[in-house]
Each structure stands twice: as structure tokens, then as C-alpha cells.
């Protein structure tokens with residue numbers, strides 16, 4: 001090993017480069033090719049630049065550095081040497097990108113002592129003055145890079161590139177911070193076209209108004225006649241309340257298209273306004289986030305509670321009194337769990353904004369937040385709700401068949417089951433459409449998040465062209481929850497509901513005014529009171545009514561053919 005190391009250093013010194021400039025100057029006519037060096041197989045990039053910046057003779061010397069790598073004098077010695085002989089090549093902008101000068105200095109500081117033990121100097125090929133330094137484009141190794149497996153994608157696993165800047169169509173939130181995220185401009189057409197936004201502005205007001213009106217109708221149906229509805233159908237009316245409050249931000253931006261709750265109000269004077277990322281800096285953004293995220297999650301939980309109580313009623317034979325006795329636990333879970341989730345989202349700085357709607361929410365520009373705080377919880381809750389509903393419905397079908405076999409009329413039970421299945425089918429379709437849109441959005445973020453808004457943070461080359469997505473999918477994602485009022489409205493609308501509204505309206509408008517109570521003495525004069533006079537409006541207690549006289553009633557004591565009667569006092 002010592003002999004090979006000596007030959008390595010000797011050949012390295014003999015083949016030094018005498019030019020003063022950097023040996024990794026960018027080329028304009030090269031291309032990216034797969035790496036072929038076995039020694040660099042576990043380096044976290046797999047494309048190198050061709051033609052190589054160094055000569056073929058120097059490139060063939062890479063195997064001579066194996067003894068130095070085996071000494072492990074520095075944790076990034078292999079990464080440093082591979083960046084010299086196999087420089088990284090970003091496919092979006094082909095050029096040779098090597099390690100930064102600071103990496104060379106760290107490796108040299110730890111490994112030069114081994115070379116000096118043989119009375120030799122650091123090879124001129126590896127002189128740190130030949131490596132680029134910030135603000136030039138170069139690589140910084142991540143922690144434990146030597147233990148990482150070779151990636152299959154050359155985009156998502158790049159070592160960090162220094163001297164990155166945001167694309168021209170995005171806003172740099174902090175030009176002095178190399179790790180600051182890029183943001184979408186407030187009124188720019190980046191992901192969505194002007195046609196998509198025009199379609200939203202045209203139809204959103206009408207849909208939002210319909211959602212608010214019909215959701216309010218369903219909830220008022222419950223309020224004016226609470227005794228008529230018991231669990232599990234009470235969950236439907238709390239669900240309609242969630243949809244009513246969820247629709248309010250969309251109603252606001254539909255009626256006022258110039259309203260931009262997600263537009264930053266704290267940007268630098270020289271910086272164009274941009275959509276918020278990772279935080280909220282206005283009350284409108286906070287309010288829109290809370291109404292959309294909290295009540296959408298609460299609606300999913302109330303849908304789950306309906307399926308769960310349906311299962312308990314149909315399968316476990318829980319009567320409404322038992323369900324109402326446990327209703328406090330249902331309310332705690334359905335209202336408190338989304339509140340905890342919203343607090344976690346704010347504390348982890350996961351609040352972001354939508355370019356299409358201009359509202360604050362979760363997962364619009366962060367695929368991890370989309371998966372953890374939106375898509376995954378909705379998928380789990382919805383699947384469990386479907387399971388409970390299917391089991392409960394199967395049990396109800398068996399009970400109906402049993403009643404029919406005994407000759408019992410099941411027409412009312414059939415209507416109830418049809419109504420329940422129709423309501424649940426509507427909710428399930430809207431849930432599946434929203435979940436499909438979330439998964440599509442996750443795939444889109446996976447494709448362009450690290451090369452657009454996160455290119456400075458991830459170190460990947462920034463995409464110079466605007467990312468485009470299918471606007472129809474995102475429009476479905478916006479409109480699907482707003483059409484969820486259909487389920488509660490179908491359940492609540494009936495002739496009995498209209499009769500309840502008519503009775504309540506008539507009682508409020510045409511109820512006759514009650515006549516004033518005449519003044520009566522506080523104590524009767526004949527009773528010898530103190531003569532305190534009268535107190536208007538306070539009726540005096542009435543004397544007890546006389547006891548009714550007992551009537552003689554006769555009840556039979558026997559069912560024999562000879563009637564026998566006995567006198568009984570009741």
C-alpha cells in the first residue's frame with residue numbers, strides 16, 4: 001500500500017497543471033453522460049460532464065488514489081476526488097460542477113500530513129486555488145454522504161449547489177439569504193393559465209352562494225326542530241354547518257376578485273408582492289386558513305362520525321338514547337382534533353397559499369405538508385368511514401330481510417336505507433374526487449417543487465420555464481367541497497321540513513299579542529292583608545281546585561262465562 005501511495009503522489013506531482021485559471025471553466029458545447037468510474041458508484045449523483053475538463057492522462061489516474069481514499073483521512077475524501085475526475089453535470093444546464101474550494105481546503109488540511117510523511121507535496125492537480133469558490137457554481141457535500149446509496153434520479157439527490165438564484169418568473173424572498181425560498185408573484189400566471197383563473201372567477205360566486213344558502217337551510221332545519229332529529233342523523237347537520245363556514249372564504253373572493261388574503265404585506269419595498277410561504281402575516285390569511293383547513297377536516301370527521309354511529313345503531317343495536325349519552329365524546333373528537341391539527345400546521349410553519357384561489361391553506365407548495373396534514377388523514381378517515389358504513393348497511397339489510405320474512409311492513413325502513421345510501425354515496429364521490437386531486441397535486445409538486453420554489457434550498461438547478469399543470473384537476477379540487485351541500489340538503493328537504501319552517505315563520509310574524517294581565521291585589525282584602533296594594537303583571541297564586549268526587553267504577557276480575565263483578569273504589 002505504501003508503494004502504491006508513493007507512486008500515486010509521484011504521478012500526481014508530475015502531471016500537475018501549470019495554468020493559473022480554474023480547470024473547471026464552464027463549457028457551452030458539452031453534454032451530460034452517465035458516470036462509468038466504479039470508485040464513484042456511491043456518490044450521490046450519476047451524471048458527469050463530457051468532454052472532461054481535465055486531460056485523458058490525468059483522468060486515468062483516478063484509480064491511483066485508492067490508497068489515499070482507504071486511509072479515510074477525511075469523511076469527504078472520495079466525494080472530493082470524484083468531483084475532480086467525474087464532475088457533476090446538471091441535465092437542465094450541462095456544465096462541469098466540482099466541489100467548492102472550501103471542501104478542498106478541509107480535505108487538504110486533514111490529508112496533507114499523510115502525503116508529507118513521504119516527503120512529498122500536495123499534488124498540483126488538487127491545488128485548492130484551482131477550485132471555484134462562492135459565488136461561482138460549486139458543490140457542498142451533505143452530511144454522511146459517503147454512506148448514501150447511489151440515487152436513481154439525478155435531480156432530487158444533488159449535492160448542494162452554491163450561488164443559486166430564483167428563476168425570473170418567481171420572486172426571491174431574500175436575496176441575501178442563499179437558502180431563502182422562491183415564491184409565486186401575487187397576480188402572476190405561473191402554474192395556471194389566465195383561462196383557468198377566468199373560469200374560476202366566473203362560476204365561483206354562484207357555487208359559493210349556493211353552498212352557503214343550502215348548507216344554512218340544512219342546519220336551520222335542525223335548529224328549529226331539534227327533537228325531530230337524533231343520532232346518527234344529527235351528524236349530518238353538524239356536517240352542513242362545517243360546509244357553511246368552509247364556503248365563506250370562497251364567497252368573499254368570489255364577490256371581490258381583487259381580494260388577495262394570501263398576498264404578502266411585509267415584503268421589501270424593492271420586492272414585488274408575492275404569495276405567502278411557511279407563515280401568515282395578515283389577519284385575512286389567518287382567517288382563510290382557519291376556515292378552510294379547520295372546517296374541511298371537521299367535515300371529514302363528522303362524516304366519519306355519521307358512519308360510525310350508523311354502524312353502532314345498525315350492527316351493535318345502540319338505541320338513540322345510548323348514542324346521545326355518548327354524544328359529548330363525539331363532539332370532542334370531531335371539533336377538537338382538527339383544532340390540534342391546525343395548531344400543529346401553524347407551529348411547523350406549513351401554512352402556504354394557492355395561486356389559483358389566493359387563499360391560505362396547507363400543501364399548496366409543500367408536498368410533505370400536503371401528505372402529512374391533508375391527503376393522508378383524509379384518506380385514512382375516509383377509508384375507515386366506508387368500512388363502518390358498509391358493515392352497518394349489511395347488517396341493516398339482513399334485519400330488513402328478517403322483517404319481511406315475518407310479514408312486517410318495511411316500507412319506512414326501505415326509505416331510510418335509500419336516503420342514507422344516497423347521502424353517503426354523494427359524500428363518498430366528493431371525498432374520492434378531492435383525494436384524487438390531492439394525489440395529482442402531490443405528483444406535480446414532486447416533479448417541480450425542488451426546481452422552482454425550492455431550488456435555492458435544495459441546491460438543484462432552477463427550472464427556467466414555468467411549470468404547468470392540468471387546471472381542470474385543480475378546479476375540481478376547488479369546486480368539489482363546495483358541492484358537498486347536496487348531501488345534507490337531500491337529507492333535510494321534505495314536506496315535514498317545509499311545514500316546520502312555515503310554522504316557525506307564522507309564529508314569529510302573526511303571533512297574536514298577549515293581553516296584559518290586569519292588576520290584582522297582592523293579598524285578598526277579605527283575607528285581612530296588610531293592604532300593600534297591587535303589583536301589575538304578577539299574577540297571584542290560584543286556590544287549589546276542589547277534589548273530584550269518587551265515581552263508582554267496576555272492573556272485571558275474571559274472564560269466565562259467568563260474569564262476576566266486585567265493587568271497587570278508584
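Backbone N, Cα and C define each Cβ position, glycine as well.
Remember, TrEMBL labels are computer predictions, not curated facts.
Annotation comment: TrEMBL describes 538-547 as compositional bias 'Pro residues'.
As annotated by TrEMBL, compositional bias 'Polar residues' applies to 556-570.
The Cβ of residue 111 (disulfide bond) has 20 other Cβ atoms within 10 Å, all protein chains considered. Annotation comment: TrEMBL describes 73-111 (among others) as disulfide bond.
The disulfide bond annotation in TrEMBL covers 104-128 (among others). Just so you know, the Cβ of residue 128 (disulfide bond) picks up 18 other Cβ atoms within 10 Å once every protein chain is counted.
For the domain 'FZ' (27-141), the model's average pLDDT works out to 78. Look at TrEMBL and you will find 27-141 tagged as domain 'FZ'.
According to TrEMBL, the feature domain 'G-protein coupled receptors family 2 profile 2' maps to 197-432.
Sequence annotations record features per position, and here TrEMBL assigns region 'Disordered' to 533-570.
Feature annotation from TrEMBL assigns signal peptide to 1-19.
Annotation comment: TrEMBL describes 203-224 (among others) as transmembrane segment.
Taken from TrEMBL, the feature transmembrane segment applies to 236-255 (among others).
Among the features that TrEMBL reports, transmembrane segment is placed at 291-312 (among others).
Among the features that TrEMBL reports, transmembrane segment is placed at 332-351 (among others).
The transmembrane segment annotation in TrEMBL covers 371-395 (among others).
Look at TrEMBL and you will find 416-437 (among others) tagged as transmembrane segment.
Sequence-remote contacts of a segment are chain residues at least 6 beyond its ends whose Cβ falls under 8 Å from one of its Cβ atoms, and for the transmembrane segment (473-495) they are 192, 196, 199-200, 203-204, 207-208, 210-211, 214-215, 217-219, 221-222, 233, 236-237, 239-240, 243, 246-247, 250, 296, 299, 356-357, 419, 422-424, 426-427, 430, 433-434, 436-438, 440-441. The transmembrane segment feature in TrEMBL is assigned to 473-495 (among others).
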Long-range neighbours of the transmembrane segment (332-351), counting only residues six or more past its ends (CB under 8 A): 238, 276, 278-280, 285, 289-290, 293-295, 297-298, 301-302, 305, 360-363, 366, 369, 373, 377
Which of 73, 104, the listed disulfide-bonded residues, has fewest other Cβ atoms within 10 Å: 73
C-alpha spacing of residue 128 (disulfide bond) relative to residue 73 (disulfide bond), in angstrom: 17
Tertiary contacts of the transmembrane segment (371-395) (same chain, 6+ residues out, Cβ under 8 Å): 297, 300-301, 303-304, 306-308, 310-315, 341, 344-345, 350, 362-363, 417, 420-421, 424, 428, 431-432, 434-435, 438-439, 442
